[in-house]
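Here is the structure we will look at.
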Amino acid sequence: MRFRSLISLLFLLFFTSSAYARFVSLNPSSTSLISDGIDGGSNLAGSGSVIKSVVSAPAEEKEEACEQTYGFMPCTKTALGNVFLILVYGFLMFTAATYLSAGSELLLEILGPGIVGGLFLPMLGALPDAMLIMVSGLSGDAATAQSQVSVGMGLLAGSTVMLLTVIWGTCTVVGKCDLRDSIAVNNQDTKGFHLKDSGVTVDIWTSYAARIMAISVIPFVIVQLPQMLGSTSGRQLSVLIALILSVLMLISYCVYQVFQPWIQRRRLAFAKHKHVISGILRHLKQHALGRLLDDEGQPDEHVIRKLFLTIDANNDGHLSAAELKALIIGISFEDIDFDKDDAVGKVLQDFDKTLDEQVDQEEFVRGIKQWLIQAMGGAPSGPEAGPRTMKFLDNFHVQTKREHALLGDNENGENDEEGGEVADPKWITIKAALLLLLGAAIAAAFADPLVDTVNNFSAATGIPSFFISFIALPLATNSSEAVSAIIFASRKKIRTASLTFSELCGGVTMNNILCLSVFLAIVYVRGLTWNFSSEVLVILIVCLVMGGFASFRTTYPLWTCFIAYLLYPFSLGLVYILDYWFGWS
């Protein structure tokens, strides 16, 4: 049904064209009628003159005709007509983004993450924005491109600001859960809109994504340096340097995305191993009555040797893999799921220095001492650090549990990204390819008409095209991503919240490097003037505020949504004041 509606809309658009008319007066006294010299009031003579006046329309009215994109797309000079066309073209761009998103998800089901998830999906997500930015600077001669390129900058700034303010704040509100020990409790939302005791928690990878997003604004700073220094020379050079850097950052980001699943698995395996260490030490503490440390705060070898004897079930002086596995199975790890055999292998790797697949008493003592020193970390040592300071083991346990949770391990084997085994890979691949091609074709076909319509609406209303593209165009190109992010966040889990905010940071990062690369390439190749100081300042402020905030914390209390929401009107007001009060543009 949706596809038929799209075809019908395209059909109407293609067979619609602009039309112009003149008001014709039949009043014989009209000055537009030419007398025949016999009867000035003759209706017949007047009618003949009317025909002549209609046939020979004035030249200035012909010049007022709007220019049709591609020579056949509809256009109009009226404000309401352009509003209608903006809605139509915006819907088509939204449809293109939806098709690209659906095709990307299907492709991800077939090929999995890695190259597809790290290389193609981020680029496909930014494709509609990149198309609009590209056509805004390629239309007409250099003077026309210079006047239209503000549409591309408005879209670039508007998309970044909308994702990090309105969408970010909304995801915080719909995804909030109760906070316990500064960590959100999955699927528990009993405290309503309490500003401090409810919020969302994300994994550590979201913090990394936020840091990358903050770093991605460096090309903006470089291209803005000549204006900051008050220099008129070197502007083209700064554009070229920023272009090269943004392309290099794009390549680096894609490589990082490709290898991130492998990095994440390594980090998660290390966190699980630390959790096993914590569990074994707490278990030994209980059996040693809390005397793992002597009066000097050092590991007590005598107690550790006694513990070895209690674990050595067959009294052969060695701990085999089976005995270590029995020890691990007997310890409660609070629903942390991990491979017991893998855990035994890592314990052997820490203890077994002779590589004989078993642990003797000396190796056990040496290994436990190293674990205790690792767990003590910054705990006090010396005479005052006796058995009473064994609380450091509990602190170490809390720390390892938190690290494990923040690394985003799937609870109970759950995976929110995978829907199971694909039934018909061949058909899914064909469907994904068709959706991607259709989405790319729609975006390419209607990007130019949308830019022209925005400029026509700006001319008809006197509203700067930047503000129109800043507010309206991101709604068209990012609506699909925004809706899916909000729906995903509403599942109220740490994992889904992490994926949601990581996607928001990733989308902004692609805007800052991919879309900016396209924009800078157009400015450099066509020799356009870079004059977007206020817009760059807004992007820097929003990215650094939200990126800095998300870089150093993994829990967002509900009150933080107000910061995000307030940044949107602040950004609009700042651009207006700088451009029209201080004349920055």
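Glycine too: its Cβ is placed from the backbone N, Cα and C atoms.
If one looks beyond the transmembrane segment (83-103) by at least 6 residues along the same chain, the residues whose Cβ comes under 8 Å of a Cβ in the stretch are 6, 9-10, 13, 74-76, 124-125, 127-128, 132, 431-436, 438-440, 442-443, 446-447, 449-450, 453-454, 457, 468, 472-473, 475-481, 484. Feature annotation from Swiss-Prot assigns transmembrane segment to 83-103 (among others).
The transmembrane segment feature in Swiss-Prot is assigned to 106-126 (among others).
Under the heading transmembrane segment, Swiss-Prot lists 149-169 (among others), citing sequence analysis as support. Sequence-distant contacts of the transmembrane segment (149-169) (same chain, at least 6 residues past either end, Cβ-Cβ under 8 Å): 129, 132-134, 136-137, 451, 454-455, 464-471, 473-475, 477-478, 481-482, 485-486, 501, 504, 507-508, 511-512, 515-516, 519, 522-523, 528, 532, 535, 538-539, 542-543, 546, 561-568, 571, 575.
Marked as transmembrane segment by Swiss-Prot on the basis of sequence analysis: 212-232 (among others). For the transmembrane segment (212-232), same-chain residues at least 6 beyond its ends with a Cβ under 8 Å from one of its own Cβ atoms are 238-239, 241-243, 245-246, 249, 253, 256, 505-506, 508-509, 512-513, 516, 520, 530, 533, 536, 539-540, 543-544, 547-548, 551.
For the transmembrane segment (239-259), same-chain residues at least 6 beyond its ends with a Cβ under 8 Å from one of its own Cβ atoms are 114-115, 117-119, 122-123, 212, 215-216, 218-220, 222-223, 506, 509-510, 512-514, 516-517, 520-521, 523-524, 530. Per Swiss-Prot, the feature transmembrane segment maps to 239-259 (among others); the stated evidence is sequence analysis.
The average pLDDT computed over the domain 'EF-hand 1' (299-334) stands at 74. Summarising the annotation, Swiss-Prot assigns domain 'EF-hand 1' to 299-334.
What Swiss-Prot lists as Ca(2+) 1 binding site is ASP312, ASN314, ASP316, HIS318, GLU323, and the listing cites sequence analysis. Packing around ASP316 (Ca(2+) 1 binding site) is summarised by its Cβ count: 11 other Cβ atoms lie within 10 angstroms of its Cβ, all protein chains included.
Under the heading domain 'EF-hand 2', Swiss-Prot lists 339-374.
Residues within less than 8 Å, Cβ to Cβ, of GLU363 (Ca(2+) 2 binding site) and separated from it by at least 6 positions along the same chain comprise PHE351, ASP352, LYS353, THR354. DSSP classifies GLU363 (Ca(2+) 2 binding site) as helix under the three-state reduction. Per Swiss-Prot, Ca(2+) 2 binding site is recorded for ASP352, ASP356, GLN358, GLU363.
What Swiss-Prot records for 427-447 (among others) is transmembrane segment. Listed by sequence, the residues of this chain that lie at least six past the ends of the transmembrane segment (427-447) yet keep a Cβ under 8 A from its Cβ atoms are 89, 92-93, 95-100, 102-104, 106-107, 109-110, 124, 127-128, 131-132, 134-135.
As annotated by Swiss-Prot, transmembrane segment applies to 457-477 (among others). Tertiary proximity for the transmembrane segment (457-477) is limited to same-chain residues at least six positions away from its ends with a CB under 8 Å from its CB atoms, namely 77-79, 82-83, 86, 89-91, 93-94, 97, 128-129, 132, 148, 150-155, 157-159, 161-162, 450, 535, 572, 575-576, 579.
Note: ASN478 (N-linked glycosylation site) has non-local neighbours ALA97, ASP129, SER159, MET162, LEU163, ILE167, GLY507, i.e. same-chain residues 6+ apart with C-beta under 8 A of its own C-beta. Swiss-Prot lists ASN478 with the feature N-linked glycosylation site.
Long-range contacts of the transmembrane segment (505-525) within its own chain (CB-CB distance under 8 A, at least 6 residues past either end) are made by residues 122-123, 125-126, 129-130, 133-134, 137-138, 145, 149, 152-153, 156, 159-160, 163-164, 206, 209-210, 212-213, 216-217, 219-220, 223, 236, 239-240, 242-243, 246-247, 249-250, 253, 257, 478, 481, 539, 543, 547, 550. Sequence annotations record features per position, and here Swiss-Prot assigns transmembrane segment to 505-525 (among others) based on sequence analysis.
According to Swiss-Prot, the transmembrane segment annotation covers 532-552 (among others). Beyond the transmembrane segment (532-552), the same-chain residues lying 6 or more positions past its ends with a Cβ under 8 Å from any Cβ of the stretch are 150, 153-154, 156-157, 160-161, 164-165, 168, 202, 206-207, 210-211, 213-214, 216-217, 220-221, 223-224, 227, 466, 501, 505, 508, 512, 560, 563-564, 567, 571, 574-575, 578-579, 584-585.
Look at Swiss-Prot and you will find 558-578 (among others) tagged as transmembrane segment, backed by sequence analysis.
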Around the Ca(2+) 2 site formed by ASP352, ASP356, GLN358, GLU363, list the extra residues of the same chain whose Cβ is within 8 Å of the site's Cβ centroid. HIS318, LEU319, LEU348, PHE351, LYS353, THR354, LEU355, GLU357, VAL359, ASP360
GLN358 (Ca(2+) 2 binding site) versus ASP316 (Ca(2+) 1 binding site) - Cα distance in angstrom: 11
From the centroid of the CB atoms of ASP312, ASN314, ASP316, HIS318, GLU323, the recorded Ca(2+) 1 site, which same-chain residues not already listed sit within 8 A by their CB, in sequence order? ALA313, ASN315, GLY317, LEU319, SER320, GLN358
If you measure ASP356 (Ca(2+) 2 binding site) to GLU323 (Ca(2+) 1 binding site) at Cα, how many Å is it? 15
Fewest C-beta neighbours within 10 angstroms among the binding-site residues ASP312, GLU323, ASP352, ASP356 belongs to ASP356
Do me a favour and check the Cα-Cα span between HIS318 (Ca(2+) 1 binding site) and GLN358 (Ca(2+) 2 binding site); whole Å is fine. 6
